[in-house]
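Participant: First the structure, then my questions, so here it is.
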Amino acid sequence: MSEKFILSIDQGTTSSRAILFNHKGEIVESAQKEFEQFFPKPGWVEHDANEIWTSVLACIADVLRKADIEANQIEGIGITNQRETTVVWDKNTGRPIYKAIVWQSRQTEGICKELKEQGHEDTIRHKTGLLIDPYFSGTKVKWILDNVDGAREKAEAGELSFGTIDSWLIYRLSGGKTHVTDYSNASRTLMFNIYDLKWDDELLEILDVPKSMLPEVKPSSEVYANTVSYHFFGEEVPIAGVAGDQQAALFGQACFDQGMAKNTYGTGCFLLMNTGEEPVRSKHGLLTTIAWGVDGKVEYALEGSIFVAGSAIQWLRDGLRLIESSPQSEALASQVETTDGVYLVPAFVGLGTPYWDSDARGAVFGLTRGTTKEHFVRATLESLAYQTKDVMDAMLADSDIDLKKLRVDGGAVKNNLLMQFQSDILGVTVERPVVQETTALGSAYLAGLAVGFWKDKEEIAKQWLNEKTFENEMSEEESSYLYKGWQKAVEATRSFKFES
């Protein structure tokens, strides 16, 4: 009998990927395809939803070819996706009526300002666990309905569908038969009540979005639909697991118990802590979000978003040309023992959790005549760890959970110097797993559970393997001193507002 696999579709911000996993949770093969980014105005970011779809199809074909397996060896498909990115399409033609508005896009700032002025902040925060911010899907849907000719009329007539990227891909893979999303993605829209687990009529009224546009919301591990055979090499394969990228990473890191946390170091950083079956309302600028719905239970998480992390390293490479490649940052930073008092606050697009200060801009402090390129690079790396501590402290204050370990993933975790400093500044153990593609692995696990490929979460938890552990080597006195310097730098950055 031929070996069976789970296929994970990992649809990200700059590329789509298809990754094959075997029963041990190991990567068998992967394929990746980048797609075009559109920047029609400053601060706006858009994608072509059809190009995303064709990139996914290309990755599926490529990964099957590279692995030399047949489509009938795929037991189930999991989908994980860039969250909040918004697609609106015509129900009759299946064609998007506008480009996909990406999570990073700030084109709905005007709408957000109006909602705040109208006094809706508390209602939205109370029901969704989120803030009024262009980041989330609801204002993006409203923008499309308000700005695309004829869109509002078509929506009122029940002729338009809205979906996050998971919804769009399921719709296409199922041949237009299925319009669904999962709890984790729905919880990022600004339209979903995370307590009642329903689309909220009051929120829809505030945003002026017709309910007929919205997908059905289902658990994160369930057979939603089968692929139509003409999109999957003659096979009808169950699409059986869905989660937004950060929730999928939490699941892939096997953070199944209350109080377990992970940090993903990508373009930005996303720190999530499992808070169990009760949502925790944050008083410290964190988001309350749904982690997943599995085994008939919905579990929640606290989330902190750091806007600039890996992109600060890219800036050193592409903007300042201080390094030739991202890995070189570790070698350079290792040549000095400290930053010699230099702090870099990478508020290039404002500051995220816990500050939510969109007006802040990047700054460097503590420069002297003796400051070298090495100090500057080290300060940039350390800024990732300091921002993570900002979020972690907010989490501890909200949850009263004393975190002992942090599981990490994402591109920057290969940097041993950064991971050691992260452990030092947090005062906790940092664990780096063998399989670092935890986002794709999480969606594969969700799909595999639904089709019986894996028995339960206990079996999955045993597959999590630690590649390297970083233990705190810094005194509390030293870490506290360094962190106070960071806090002063952030305070100074936020107080500098230059009005042109």
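Including glycine, each Cβ sits where the backbone N, Cα and C put it.
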Participant: Say Swiss-Prot lists Arg83, Glu84, Asp245, Gln246 as binding glycerol: which of Tyr135, Tyr183, Tyr300 is in the same site, per that record?
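Facilitator: Among Tyr135, Tyr183, Tyr300, only Tyr135 appears alongside Arg83, Glu84, Asp245, Gln246 as glycerol-binding in Swiss-Prot.
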Participant: Using only what Swiss-Prot says about ATP binding by Thr13, Thr14, Ser15, Thr267, Gly310, Gln314, identify which of Gly110, Gly163, Gly175, Gly411 is listed for that site too.
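Facilitator: As annotated by Swiss-Prot, Thr13, Thr14, Ser15, Thr267, Gly310, Gln314 share the ATP site with Gly411, chosen from Gly110, Gly163, Gly175, Gly411.
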Participant: Let me spell it out: for each of the binding-site residues (Thr13, Thr14, Ser15, Gln246, Gln314), count the other Cβ atoms within 10 Å of that residue's Cβ, using every protein chain shown. Which one has the most?
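Facilitator: Most Cβ neighbours within 10 Å: Gln246.
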Participant: Have a look at the recorded positions Ser15, His231, Thr267, Gln314, Gly411 and say which one has the shortest Cα distance to Tyr135 (sn-glycerol 3-phosphate binding site).
Facilitator: Thr267
Participant: With Cβ-Cβ distance below 8 Å and at least 6 positions apart along the chain, what are the contacts of Thr267 (ATP binding site)? List them in sequence order.
Facilitator: Thr13, Val308, Ala309, Gly310, Ser311
Participant: Sort out for me which one of Glu84, Asp245 has the most neighbouring CB atoms within 10 A, since those are the binding-site residues we care about.
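Facilitator: The most densely surrounded of these binding-site residues is Asp245.
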Participant: Rank aside, I only need the closest one: which of the binding-site residues Arg83, Gln246, Gln314 has its C-alpha nearest to that of His231 (phosphohistidine)?
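Facilitator: Closest candidate to His231 (phosphohistidine), judged by Cα separation, is Arg83.
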Participant: Rank the recorded positions Arg17, Arg83, His231 by the number of other Cβ atoms within 10 Å of each Cβ and report the first-ranked residue.
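Facilitator: Neighbour-count leader: Arg83.
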